[in-house]
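As annotated by TrEMBL, domain 'Gamma-glutamylcyclotransferase AIG2-like' applies to 4-100. Here TrEMBL flags Glu82 as active site, proton acceptor. What TrEMBL lists as region 'Disordered' is 98-129, 144-171. What TrEMBL lists as compositional bias 'Basic and acidic residues' is 155-171.
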Amino acid sequence: MAKVFVYGSLKKGQPNHFSMMDHANGQAEFVAHARTVDRYPLVIATKYNVPYLLNVPGSGQHVTGEIYSVDQQMLDYLDWFEKCPQKYQRSVIRLEVQDGPGGGEHTPKAGSADGPGGGEHTPKTGSSLEAFVYSTKTYEPEWLQKPTYESYDTNGDHGLRYVRREDRSPE
């Protein structure tokens, strides 16, 4: 099992969360809420109001999201869903655990068998761990001038409601 950090439309209550829970795509189990240790710009871009985490560490905000433990089938699905590596690139990110369902006493170490690749324990609140994240290095330069967000919600005060793929006009 691998750990994946989601910060946008795949979070609970957001438009694409259903795909994380669809067993036809693989297995995904919620692990904990977390935030990035480093700051990153989380922006809403394109005419479809897509949340993008720009791979520019040290800029933006500490981004909050959810960690899931996923099997290889779900990881493959997420690579397809996120158009990896053309649109988003999957990389490893360091996170601080905010809360989880269990509050276990285990803190995975970077580069260990329980880094992004798993571990069987629920992480302790305040601990840090590594997980995969889908961020992008391929973005329009003007996106760096957009407002950044700590947390994404399609129904947020920004008024930029996400447009699901099936609701988009053909290119």
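Including glycine, each Cβ sits where the backbone N, Cα and C put it.
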Ask   = DSSP helix, strand and coil counts for the compositional bias 'Basic and acidic residues' (155-171)?
value = 3 helix, 0 strand, 14 coil
Ask   = Counting every protein chain present, what is the number of Cβ atoms, excluding its own, within 10 Å of the Cβ of the residue listed as 'active site, proton acceptor'?
value = 19
Request  = Pull the DSSP breakdown for the domain 'Gamma-glutamylcyclotransferase AIG2-like' (4-100) and write it out as helix, strand, coil residue counts.
outcome  = 18 helix, 41 strand, 38 coil
